[in-house]
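Undergrad: Below is the structure I would like to discuss, written out as structure tokens.
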Amino acid sequence: MSHIGCFVDGRRRDLPTVGGKGSMTVGRCYGLCKKKGFRFFGVQIGKQCWCGNHYGRYGRRDKRECRYQCRGDKTTYCGGSWRNDVYATGVVVASKAAGVKYVGCFKDNRYRDLPVVYTANYKTTKAYCFRYCRAKGYRYFGLQNGNACTCGNTVGRYGKAKSKDCARSTCKGDKRSKCGGPWRNSVFTTGLKPKSFKTPGMSHIGCFVDGRRRDLPTVGGKGSMTVGRCYGLCKKKGFRFFGVQIGKQCWCGNHYGRYGRRDKRECRYQCRGDKTTYCGGSWRNDVYATGLEEHASGVTLLGCFRDNSKRDLPLVHGAGHRTTKAYCLKYCKSRGYRYFGLQAGSACTCGNKYGSFGRVNAKQCRTRCRGDKRRTCGGSWRNSVYSTGIGSKPVRLPGLKHLGCYLDKSSRDLRKLVLSGSVTVPKCYKACKARKYRFFGVQNGYQCWCGNHYGRYRIRSNLECRVQCRGDKSTYCGGAWRNNVYATGVVVASKAAGVKYVGCFKDNRYRDLPVVYTANYKTTKAYCFRYCRAKGYRYFGLQNGNACTCGNTVGRYGKAKSKDCARSTWRQEVQMWWTMEEQRLHNRTEAQELQDTLECLTLRCFVDGRRRDLPTVGGKGSMTVGRCYGLCKKKGFRFFGVQIGKQCWCGNHYGRYGRRDKRECRYQCRGDKTTYCGGSWRNDVYATGLEEHASGVTLLGCFRDNSKRDLPLVQAPAYCLKYCKSRATGTLASRLDLRAPAATNMAALAESMQSSAERAVEATKDEPAAALEKLCLLDWNRQQACSSRQRLTASAMSSQGLQVLWLQNGNACTCGNTVGRYGKAKSKDCARSTCKGDKRSKCGGPWRNSVFTTGLKPKSFKRKQCWCGNHYGRYGRRDKRECRYQCRGDKTTYCGGSWRNESPGMSHIGCFVDGRRRDLPTVGGKGSITVGRCYGLCKKKGFRFFGVQIGKQCWCGNHYGRYGRRDKRECRYQCRGDKTTYCGGSWRNDVYATGLEEHASGVTLLGCFRDNSKRDLPLAYCLKYCKSRGYRYFGLQAGSACTCGNKYGSFGRVNAKQCRTRCRGDKRRTCGGSWRNSVYTRLESAASLFVHLGCYLDKSSRDLRKLVLSGSVTVPKCYKACKARKYRFFGVQNGYQCWCGNHYGRYRIRSNLEC
């Protein structure tokens, strides 16, 4: 006997048999139940005895609930109300049967390793589960999670687990034993074994879905079915596969898998004839092979080959679940094809040729056949190719050569139809050769066409010529409107007298020989010779087997190897179109090329427009280059151009509409068709040799530029010197000899560009100017606005001016009064861009200016000055080049410069935005303004600042900067009174200080103090503003605000460096900083007659009870009024009330910032 514990009982008793009642003891109950052969007994409510083989149905409780005294022995406990105190009697109920054996601990999941699960709960013991599963005919039983029995015929699908995993759950039917664990089966055999039967060759394939149209179509049998019986029934009928379904059906067939495979757990119905094995499921076949094979005789595997949408083997049959090697062999062989393929496990492909897209590794053809999952049937876009055993008979056909698949149309490519019907390639060959035709074609499987030319409608892929020949289905005979073209071997000679071979030359889409005629099937040497000679060209070419090319010059793209011109014959398909085409060139005469006797230089091909690039007509009609040269040179023009083969144009500038490739200037000259004379709206431009000079120019050097512009004016007029000088007045910086030859001038230019700016000036003083002229003259793509500037007269040009001109990037003139803002560059940087107005010279480079002087000097005022003092440098140092005015008393020395110590107290501040409400409100003057004149006007009126705007306005004021500062490049309008200096811009003031100061008397700086959103000084404006409102202190903050108050320093003092923000009203001064007040005092503070106690909250029931004054209140007034009334404390509130009392602080203290 052993004590187990206290357990709940119910109306359906946990221990069902009554052992006895009355004067009960534990010993007595033990004897009663053991005598009856029960394994367990329980005493209840002190007087009842219950017996049984299972317990725990309603659960365990704490032993304190089983403490009723036994009626037969009050020294012991005998359960409680509906509580059994359970003991074991020691009787053992054996679970023994032949063949029962522990298999192991196995994993389980929701899909169930053992499919039958019975939740036995409190009955769960090994003996109970054994009897349950054996009665159902299963080979294995399992114990799981302490409360379930599991049954099945196979085990271990999800793997074995550790033994300790099956010792975690106590059996509910016997708490002393273990019954598996969570998702763990303790598995045993029931002792049953499956029936044995002989099944030679049988193999299990898997579980497959079945449908109304049966996957295995023939019924083998029904009823008490086993796997072995079904095997025998189907093999006897000669079927390759059989399947058992729903435990009682047998189905036979030669194909399976039509509806797809499923997991084997769906095929676990017990066989009616042998419950220890499975026989499929509901609409599920457990499929086996019988071992019989279907043979495909005479079949040879040729390999695994690529396929795509164009199909390597053209006939594709989706065999689906019938796909096997034998089935595809029968299908393709019955249609006369030489080869068949298996693809993607579900398709048969047939054809007479294979391998068009290449062979691949055999591993790529491993997809399982849908008709037999044990075999492989190609792969995705991969054919496993086999021969069908059909072969064509060998026939000797001398000279036969396949040329390709060609398109045909209603006007036939091969003109003669000789056969129709049961056509083969040998038949067509003999018929056409007998008629002396060079080529023949078979079309659509039953037509034979002959001719001497082919390819009129272009070549197509061989894949389009795969219709089986009616006379021999193992070969192809073209397609619908597709000729499979062959050569018969008949040769037609072609001869042309006087033709000389020049060589093999490269060509591209821009064409070396401009005239291209696609002769196609007519292309021969003799034909192309006649075609080009008739058009008057010097050369003809044969290209790519199908084209004649004609022209007057050759070799633009270089010579090629001779073998490159032996790749494409006049009858071969195109292989390299627009990539690397070559020409086979021939000369139609033996004469040498005409020697050019013109003393001119070709300048390439340029676009022309309605407003002509070269404006003067030289002549029209039967034109040649030599004739046009003479016409234009006679008229004194520098350049001439021939256009559209018959026009001659003259001018001094060219390139207005841009350069084009010379291939666009290949119209034959009417006067000489062996040379070119431009094109449609294209001038072939030449120089006549005449030159135009620019005198008085000095090279200063090569300087850097960027988008912000070193010299502000950038335009594109006819030429630089005239353009820039038209905006200047004065004299030239040097005199140049214009009579020297160009070669001497170029040498001098090269030498001068290698030196510094100062040396360049000296080196070019006495040098000829022709070389400099070549860099200065500039012609380019001019806008309409620029054309009007070119027509300015000399008198009109002299009214404006700039001191220096630049040439930049070959196509731009830049002008200005200062230079070098972005530094000097190397001379070679200004020799990179060719002048658009004269392609023989260089004009600066990308963001590089070749800088020259115009010879002009700035105006000055208040000359002949001498200034004295003990300090200098207030406005900064400048470069010594700005102090090079000649002294009036001695012109061999320098005496300063313009705006260098001329205007006492004047200093430049910067460029600032202006608006409708003027930044500087007073007009100083308008018209012919200079900086000096505006300075005098504003200083005379007593203003501290002045600004010049838009070149002609003068504005005065005591404050500036209202709309913000801008970059100084926005203030570069020339002054009307002196164009060598700048006077602001449009709505931009160039601001200066006159030297007058504004004083604030009686002000003392107290320091720099912190501020925040609660405000140290609570109001705004400065000395005047704060003084007018009676405040003792004022502050300047963030450069843009005035703050006023009677106390300061609430948030602490900081370093004076934090109060360095520039005042918006005077950028030379500082006005505090961000949240920093520069604090000043106006009055001296007086000693107080009272003590300040703080800021206190008040409410409707007043903190200080007596209101004595209201209105114009001050602290002294309130002090006197409350003291006269003998009050100890007084308070001032809201600026106009005075309250008195003997107590305060009733509603708590607050920050002084709130008072």
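The backbone N, Cα and C atoms fix where each Cβ goes, and this holds for glycine too.
Straight from TrEMBL, here's the annotation block:
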DOMAIN    1-90  domain 'WSC'
DOMAIN    99-191  domain 'WSC'
DOMAIN    201-291  domain 'WSC'
DOMAIN    298-389  domain 'WSC'
DOMAIN    399-489  domain 'WSC'
DOMAIN    498-595  domain 'WSC'
DOMAIN    599-689  domain 'WSC'
DOMAIN    757-855  domain 'WSC'
DOMAIN    905-995  domain 'WSC'
DOMAIN    1002-1083  domain 'WSC'
DOMAIN    1089-1155  domain 'WSC'
Undergrad: DSSP says what for the domain 'WSC' (399-489): how many helix, strand, coil residues?
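TA: So the domain 'WSC' (399-489) is made up of 13 helix, 35 strand, 43 coil.
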Undergrad: Establish whether the number of Cβ pairs under 8 Å between the domain 'WSC' (905-995) and the domain 'WSC' (1002-1083) reaches at least three, counting only pairs separated by 6 or more residues.
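TA: Answer yes, regions in contact.
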Undergrad: Considering every residue in the domain 'WSC' (1089-1155), what is the mean pLDDT value?
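TA: Mean pLDDT across the domain 'WSC' (1089-1155) comes out at 90.
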Undergrad: Could you give the number of helix, strand and coil residues in the domain 'WSC' (298-389) as assigned by DSSP?
TA: 15 helix, 37 strand, 40 coil
Undergrad: Take the domain 'WSC' (1089-1155) and count its residues per DSSP category (helix H/G/I, strand E/B, coil), listing them in that order.
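TA: With helix first, then strand, then coil, the domain 'WSC' (1089-1155) has 13 helix, 19 strand, 35 coil.
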